[in-house]
Every structure is written in C-alpha cells, then in structure tokens.
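Quick look at what TrEMBL annotates:
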- B:489-579: domain 'Histidine kinase/HSP90-like ATPase' (DOMAIN)
- B:18-36: transmembrane segment (TRANSMEM)
- B:48-67: transmembrane segment (TRANSMEM)
- B:74-90: transmembrane segment (TRANSMEM)
- B:102-123: transmembrane segment (TRANSMEM)
- B:135-152: transmembrane segment (TRANSMEM)
- B:172-194: transmembrane segment (TRANSMEM)
- B:206-226: transmembrane segment (TRANSMEM)
- B:238-258: transmembrane segment (TRANSMEM)
Amino acid sequence: MTGLGVVIADDARLFRSALAELLTNAGCRILAEVGDADALLAAVEANVPDLAVVDIRMPPRHHLEGLHAAVRIRTSRPSVGVLLLSQYLEVSHLTELVGDVTRGVGYLLKDRASGGDFLNAVHRVAAGGCAFDPDVVSAMLAGPRRRDLLDGLTARELEVLALMAQGRSNQAIAAELSLTGKTVETHVRNIFQRLTLPIESGHHRRVLAVLAYLRSR
Amino acid sequence: MELVGGAPVRTRLRPAPLIGTLAAVGACWGALVLVVTASGQHEGSTGIAFSAAVGGGYLVAGVIAAYRRPEVPAVRIGLLMVLIGIGWFAEDVQISVDPVVHTVGLLLRSASAGFLVHLLLAYPDGVLRTGVDRVLTAVSYTAVFVLIPVSTLSFDTLIPNLLLVWPSPYGVVARAVDGVQFVIGAAVTAVLVRRWVTSSRPARRVLAPLFAVGLFGGSTSVLDALLGTEISWHHDVLVGMTRAAMLALPLAFLSGVWRVRLGRTSVANLLARMPGSPPGRLRALLAQALGDPSLQVGYHRPEHGDYVDADGRPVPLDRAFTPVDRGGRRVAVLVHDPALQDDHHVLLAVASAAALELDNQRLAAEVRAQLAEVKASRARIVAAGDEQRRRVERDLHDGAQQRLVTAALTLRLARQRLVAGADAELDELLRRSAGSLEEALAELRELARGIHPSVLSDLGLKPALRALAARSPQPVELVEADLPDLSELVAATAYYVAAESVTNALKHASADHIRIEVDVRDSALRLAVVDDGTGGADPARGTGLTGLRDRVSAVDGVLTVRGEPGTGTSVIALLPLERP
C-alpha cells in the first residue's frame, strides 16, 4: 500500500489516537489529528489528504458541525474522500452528506471502526468509491413505499441491492455473497429493470441511482 | 341571646323601646289634654282632630324613626319627634276654660317650638354640628321654656290668667316675644338655607322633604309674626298654613324613613345585579345603590398597605370612607360623600354586600392566578423532563458510548498486535469481548434513541418523524405539510405522541398500515396517527395515553383518541403554536 494521507477529526482524544494507530498500522500516513470543524477545514486545506475521517458531533455545540464541515470539504475539495462517523445513523444526514455526488464519500457508525470491513471502507472512499453503513441502507430499504415496490425482487436480489447501496462494487458483492461476477451482473440488471431505473455503466452513477431511488419519497 | 358563631350581644340600654314608652305616655297625655280642653275648643272647629293628627303624627313618626335608626345619636331624631308631639299637646292646654289649667297652659304655649328648632338643626343624624346650631338651639329652648313662661306674667287673655301681675300696655310684651320668635325663626331659616347650599347631592336627597316643609312652615310663621298675630284674615290663613306645615312635618320625616326603605331596596337590587360584574360596573352599581356618583372603590393591597381602583390607580382616603372587611380581612374601602354616614345602615348593608362580591372577585382572581401558575409549572416540569432526557442522551453519547467505541477499537488494536496463530484461545477471548462490546453499543444506541432521539434536536420534528417511520417494521405513511419553527416543547410533544401512538398501533392493535399526518390548522400544530388495527383504545387504561394527554395538556393542547373495536384507531393532538 502506498500510504494514504489521512486527516482525522474527532474531539474524543482516546478514540482519535486509537483510530490513528489503526490506520497507521494499515499503512496510512496521518497528516493531522484535530478536535473541531475549523481545525479540520484548515488541516484539509493545508494537507489536501486522500481522506478525511470526520466525527459528526464536534465542539463547540456538539451538534452537526462534522456533517457540515464534511459537506464543505466535498464541495471545495472534490478529490478528498470524506468518511463521516456517527454514533447514530439518520437517512436525513446521509442525504445531506451525499448530495448529488457519490464520489469519495462514506457514512458509517462509529462502532464499525473496530470491525473487519472498516479498512476496506477507508480505502474505498479514499479511492473515490463510497461506503454506506448497512444499517442506514436497510432503514432506506424498509421505507413503506419501498417495500411495495421491492416486493417484486427475490431475496438474493434484495441482498445484492443492499450491498450495492452500501457502495460495494460488483466484485465485492460477488466475493461477499460467494457468487461469480457474471451472476452478480445478472442480478443487478434484473434489479434495474424491476425498479425501472436506467442501467448506468459507471459504478458511481449506479450507486447514486440506487440511493436516489431509495431516498425518493 | 347569642348569635351563632358570633360574640355574645352586649346588653345595653336600648333607646328605641324607651322612646316607644315615652310616646305611649305622650299619647295618653294628648288624650287627656284633648278631653280636658274639649269644652274650650271653638265650636264647629276641627281643632281636636287637627291637634290629635299633628301630635299623634309626631308620636308615631318619632317611634318609627327610633326603631329605624336605633343607634345614638340618630335615635335623638325619634326622641325629638316624640317630644314635639308631647309639646304639641301641651300647647293645647291653654285652650281650657278652667283658669288654673289655662294658666298652666299659657306657660307651655310654645312648648313644641323649642324641640322643632332642635330637630331641624340636628336633622338627620341627631347631632348639632356647629356652634351656631348649638347656640340657636339653646336660645330657642330658653325662649320657649324661660322667656315665654316669664312673659306670661304680663300676658292678658280672655280666660283669666292667674299669673297676670303686670298687664302690659298695648301688648308690648307679646310683641317683644313675637320679635324674639321672629329672630329665631329667621336665624333657623338662614342656617337651613346655608346648609342646603353647601350640601352635596346625597345630603340634599336626605334633607329635601324635611327642608321643604320646614322652610314653608318657617316662612309662614315669620310672615305671620311680621303681619301681627291679631285676629285677621291673613293671620287665620298663615296660621292654617303653618299648621299644615306642622301636620306635614312628621310626614316629611316619614318620607325620610321611606327613603331609607328605598335604600334597602337598592341594596337588594345591588345584591341581585352585582354577582359577576366586572370591577368598573361594580363601582357604578355601588354608586347607584348609595346615590353617590362620586363613590370610589379602593381595592386593598396588603403588600403595599394602600388602596387602588380597578385600573390600579391609587385611591387616597381623603374623604369619608367605609372599610369593607370580610373574614377579618380588609378587602377594600368605599370612599364616599360624608353625608352617606348619616345613612349608616344602608352604608353598612352596601359595604357588606360589596364585601361578598369583592372578596369573590379577589378569590376568582386568586384561583385564576393559581391555575395559570399550575399550568405554567406543568409546562416547566415537562420542559425540564425533556431537558433531562436530552442531557441523559448527550451524556450517554459523549460518555458511555464514546468509551465503548474507543474500547472496541483498542481491543481491535490489541488483536492486531497478537501474532496470528500465536495464542488462539486469547484471540478467541478478545473476539468474543469485541462481539459483546458491539452488542452493548447497539443496545445503548437504541436506549439513547428511546430516551431522546438526537435527530429531533439536531434536525427537528419532520426528520424525526421520517426516522420514526423508517424504523417501523410495518409500513408507516407520513403526510407532512410545511411547518413553521416549532418550540422544543411543542416539537418534542408532537414527536412523543407520534412515537407512542405508533408503538401502540403495532403492539396492541396489530395494525398493518399506519399513517402519520402533521400540519398546521388554526395556528395549532395538528398531529394525527391513524391506523387500521383492531381499535378499542381506552385512554382510561394504561399509562401510555394518560401520559400523552398530560404532556399535551402541558402545552395547552388537546388530545383526542377515537377508535371503536374493529375500526382502527386515530390519535389526534392539537398543539397551540403560541402560548396564550
């Protein structure tokens, strides 16, 4: 791995340094560790990292300072991947964070940092992909109108759709579900036809379409 | 005698029965005089009937007066009336043809006049207020009971005057006596005119009948004295007019007594019309009942020790005033014309009627204030409870959750340090610890959300309702309109109504479909949760709905729960956007 440049923003010091250690062990270079949104924006401007890992609640008001800073970074520095960590998930937050661009963005429960998929998500977001927490995706899939429309999908297709919405690539989905790449592609095509979504070639556009569909009211 | 719940009535001399007894004696005396003098009356004259009517009129009026106003000094009015009646009969004694009786009668021939002057000057409260009044009364008594008896020594009459020692030439002494009577009459007239001019309206109301008659009688007697008392046509006319006035005088007084009855009627009217009157109207009613347009009601402010009117302006006690007390507590004062004190009974009746109403108003205001305070305090308690929940959620978020997340991450670092395969058992222990931590975190997150959903304070009601709908295992439809900025209290109340109702619909009513509607109607936030479940929600049962109702009431809202068995349930909360 060619060390990713990472900026970490979290006001909880112990967590921040544990996270830094985890990422360092994984070969990342920690460019800055900061404790609030202003310092985060400054560090991003100064270092232009590959990735910013941002806690959603930060001083001074412990409100949504991290979310707002993340949105600003995504607008002003599109090349910087932004991974937002939170202790609870809300579809509204995801909507605000993602906007119209799924490039280089992630939204995960903070607990995930200790899980096996976390480093995958880090690399995915840093590389311009996306990573959305399974919990927020299943909340979106569980929406009332969704369920009526999703009733036409098979259980396997629903699994594929969920992983796709999390930002996984076809290969990752195939690996996760122990399927061949071709089978996954067939499932994806079926899903798009059932949901009458335009079949997009690019991965990001596909994820965006799925998210937009799931978020649409 | 003992009043219920009151202090024993003090035994004391009661003047009214004494005056009644005196009047009875006076009546006997009058009958005796009329019988004794019957032979001396002019033939065909109505003298006996007239004398009886005037004298009896005074006696009766005096007794009525004494019983109507039995307190000192007002009772003196009754006493003077009775004394005038007795004096009146005494004046007739001179008519007797028996020289002895006639001579005694001459001594008493103006007996009633002294009492009459006293009565006119002391009316209506029985008090001689000024030095002039007192001097005039004294002079009058002196003239009647000293000067006239002395003048009898030279008073020549048809029937032999046994005391005649010095018959004055040309009736000089009689003329001198007439002159004195004229001066006294003029002085009394002047005093009465002056009193009338300086009196206030309520005072004139009291004085009017008596003064009218008094002035009439006074003027005729003055005129008679001026024109001479010799037998002539004008003397007869004037004496007749004076006598008519004399006859009318007790009637005038009775009309005064009647006016007191009017006062009592107006108190009854007051009692009937007063309840529920606004303070301004109350003052008008009291002024009307007392006949004093200048009346002011001063509400007592114990904390300031002063009095204010209904608009809060200070009411100075610079005139006569009557305290209005109830239950040993000062409620108000009535500031009024001093003349009203003459009508002590009416004033007291009005004051106690006013005490009832004013105290009711005070109590009503107190209850209103207490109710407002209770409402405010309930809202504060709910708001404090919400704040407490927010703080607990925040503490969990920044405390326990944060530490557990850090612990889980640290555990992961520890596992990384462990060379793969070096200690499989230890690795398994660490893995299980990590799993437990993860579960603990998930449970803690749910707990925190139940205590207070962060999204409610982070983003507001609509995103919170959306999140609520998204988490539901059964379809929850959300129909939302544009909402204005909501206070934390209203937003939290609406959220908890929705959350509790959705929980009930899923848990108790087995609903398949739930609809949450949120919009604004008539400056109230309307939140409705409608389901297609089994219905039959009973607000009286269980604490869920009762708790919601209390919460909604705390923001002055209304919670309606409808749902017959089989028709589903609808829970509707209307929450005012602006607190009254």
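Each residue, glycine too, has its Cβ placed from N, Cα and C.
Bear in mind that TrEMBL entries carry predicted annotations, made automatically and left uncurated.
Contact between the transmembrane segment (B:172-194) and the transmembrane segment (B:102-123) is present: at least three CB pairs lie under 8 Å, with pairs separated by 6 or more positions in sequence. Across the domain 'Histidine kinase/HSP90-like ATPase' (B:489-579), DSSP classifies residues as 31 helix, 28 strand, 32 coil.
Counting only same-chain residues 6+ beyond the ends of the transmembrane segment (B:18-36), those with a CB under 8 A from a CB of the stretch are 48, 51-52, 55-56, 59-60, 62-63, 66-67, 75, 78-79, 82, 85-86, 88-90, 92-93, 96, 98, 101. Long-range contacts of the transmembrane segment (B:238-258) within its own chain (CB-CB distance under 8 A, at least 6 residues past either end) are made by residues 50, 53-54, 57-58, 60-62, 64-65, 68, 77, 81, 85, 88, 116, 124, 206, 209-210, 212-214, 216-217, 220-221, 223-224, 227. Per-residue pLDDT, averaged across the domain 'Histidine kinase/HSP90-like ATPase' (B:489-579), gives 86.
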